[in-house]
């Protein structure tokens, strides 16, 4: 029948009538296309855009005529409603426009060289998308769907909530990752990019907009201009502009403009643009020209200059810092054994012993009457909300807890409204469970404000072995937050570490809940009201065109030159931005792109500042990867792709859009300027006749020995080099055993090698150096370092000459040694940003205002035996030539260690510049303190050389090498830090005292002039009175 019988559909028989609307929609005959005759000119061929597939011909779309658009009932931009698409796209099935696909590469804000101050400035969008549903946000947050229904003995899953029972890890690029160790920051804790962010505690505070203090730090109390207006597309807007001048590294003056653009969206555009990046024009830039370049979508005609009232800066502070709060409140519910409902927990009158033990660990029980610190809406005068409460502080935050058993109890009231009035309005609630309690279900709590529940169950309470387990339940529109729970949610010992973990979890939960739909809408309304008030009541009649310029024009009327090449703009301290597609792992090999599937790549915004490198997913606005620029080890690149190695050798792949080599060249130039990394080398190592590769490598991947006259030596492998990738896989992913097995058994070994530094030492990241410094033996109780009496290892000149070297002007550090950084032919030929030399040679080095003290004291410290990995000569047989080269290594060591003191030069120069106005005695006292600091540097640096024994036996030297060196690098670093900080504090204190003294002198002079004027006036009046009275006149003047 189906092959062509009477009832076959192929015979054209009409289908049976049906009431199904979807079936009718599918059976409608296709409308024939309209082809009217038009006489429109043929459109010019534009640039062809590559589609998602490389196959097939790509043609530019032909615009339809107005008549065709007028007679067509379908949108021309809407794709054809094919049956396949109708079944796969429910919106097309209902006749609705489909969702627009996301671009392959996320768009980047103009202007190109605007340096963003923080992460949320990278996410600023002139046309923000409407917020999606809670499920959409949750899908983007990377949380597994099955986690929403996971249950345990602590927590029951519920619709609309996401459960965290332990082992989820931190959300990163490509999925969950292990939590970072200090000094690295979690992704959610990264905020400010222009300034260094350090992790001083085990648990970091996340989801905090620390960039909100940008106006207070760089605008408030300084000369700047504010403009307010009502834009037709953006609504009320507020713009702040300020011109800055700072001394460049070459001695000239650099001008830049700090800009803040506020709209009704919660993300604010904050950053800096150099004057050299602006179009050529007069020597002074008008606010209109500046905003036309920085904010091209903002209508300049709607802006008016803000009033000079002191209310305006204060209101802008309140507007920007409404997301910053250092006073937090939370609720604590007490659940006895066998309880689980909301009414049962609210009706517990007295606290048990296990609950009191938990409260004592968490904070301090304070008397409310007369309490002067943060009270969290509790009555501190009449005890109407109870007599006591729980209060504590953590990381500069004041936290007041609303404890259910400490709030007033109302008999014969099952709901306990006096208690629920406080706890029900808290965003974060801690549910304490005694052993034997029922699992907590978040749907039993009826509240619109409670978004996060931290369930804590005690085990063996009131014993020396008390421990706790933790589970978390949050609403779907609340993003994930740390610290991450361990597998199974614990157990946690009852100590200070558990207290810090729980308080950090509570603070981060409240910050994360601010991104939920309800609180986001409330914050948006508040922000809109502030902006509306400023644009309506705090403006003058001065338009943007009539506003004064930032700089006074010179008499010569010299115009600003044409903007320099982008190489002069990559020096900005803020984050420059590129649109990339990122994936974990390395994919570029020997200049060829071997990218994997597209679904493994994530569209991201790449931001590189002078301190931090971040990848931000613009779809859900979270950081998926971050690392300090001092942790960048190396990079391998091709025309459109770049592999970045960081930390212990981990790698990520970045794919960039644009002209071949242009965007990649910009990123490489930026990395050369802000990091200590270099380009890698791809080596193919054949085996000799005996199947050997001809080199030795340790467990960390450092080359310890290369045999002479082997293929490894011929290809350029040297001791001190570092293996980053073996046969296409990174070393951290392989592990030492697998990498060794692959090196022994692979028929052809292809490796990615990181060359040693200029002094021949292995390159390590800052995180590795930090961990090595913690592992060094303590100096306390150890012998004092022995001074070398031979005179052959005098590495540095005396302290006076070192101080003179640090303070004198030097445009560039000493030249590199024999091992120079290698560059491929691709960068020389295709990089349009440099001609004849790399951008790192053209652009001056960024001044480091916060010197890396750890890197100053030791360039590349290593574990015992690391120096054995970089012998002074290739020959290890103890020949006379080898001993001769080693004994004459003093000048080489001097040349290698002197550049390491340059990172202190900016800090010492700043201190001396601040002390320039002091008296001669104070100045010499400062110099003596700096000299003592330099003596500490000399002591630590002089012990980095490896002395050779008098017998000249290299084996004896290696034996001495393996013994731990007396002294601790951490103590040297702490001593150096304390000296510098003390010196800076003393200088600041002296400056403050001098300013107060000058103010007192001015006051005395003013009073003296006033008294002198009054005495002259009295003498004049007395003289006039004596004349009128006829008395003999005397000259009283």
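Cβ from N, Cα, C; glycine included.
Here Swiss-Prot flags 1-85 (among others) as region 'Disordered'.
What Swiss-Prot lists as phosphothreonine is 62.
Taken from Swiss-Prot, the feature phosphoserine covers 65 (among others).
In the structure as shown, the Cβ atom of residue 178 (phosphoserine) sits within 10 Å of 9 other Cβ atoms. Positions annotated as phosphoserine by Swiss-Prot: 178 (among others).
Look at residue 299 (phosphoserine): DSSP puts it in coil. All protein chains considered, the CB of residue 299 (phosphoserine) has 16 other CB atoms within 10 Å. Among the features that Swiss-Prot reports, phosphoserine is placed at 299 (among others), with the record citing similarity to another entry.
Neighbour list (residue 309 (phosphoserine), Cβ cut-off 8 Å, at least 6 residues apart, same chain): 538. Annotated phosphoserine per Swiss-Prot: 309 (among others), in sequence order.
Among the features that Swiss-Prot reports, domain 'Rap-GAP' is placed at 316-534, with the record citing sequence analysis.
For 682-758, the entry in Swiss-Prot reads domain 'PDZ'.
Summarising the annotation, Swiss-Prot assigns phosphoserine to 812 (among others).
Swiss-Prot lists 830-849 (among others) with the feature region 'Disordered'.
What Swiss-Prot lists as phosphoserine is 834 (among others).
Among the features that Swiss-Prot reports, region 'Disordered' is placed at 855-898 (among others).
The compositional bias 'Low complexity' annotation in Swiss-Prot covers 871-881.
If you look up Swiss-Prot, you'll see 907 (among others) marked as phosphoserine, on the strength of similarity to another entry.
The region 'Disordered' feature in Swiss-Prot is assigned to 943-969 (among others).
Among the features that Swiss-Prot reports, compositional bias 'Basic and acidic residues' is placed at 952-962.
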Exercise. Could you break down the residues of the domain 'PDZ' (682-758) into DSSP helix, strand and coil, giving a count for each?
Key: 18 helix, 25 strand, 34 coil
Practice problem: Please work out the mean pLDDT for the residues of the domain 'PDZ' (682-758). | Solution: 89
Quiz item: Can you tell me the three-state DSSP label for residue 309 (phosphoserine)?
Solution: coil
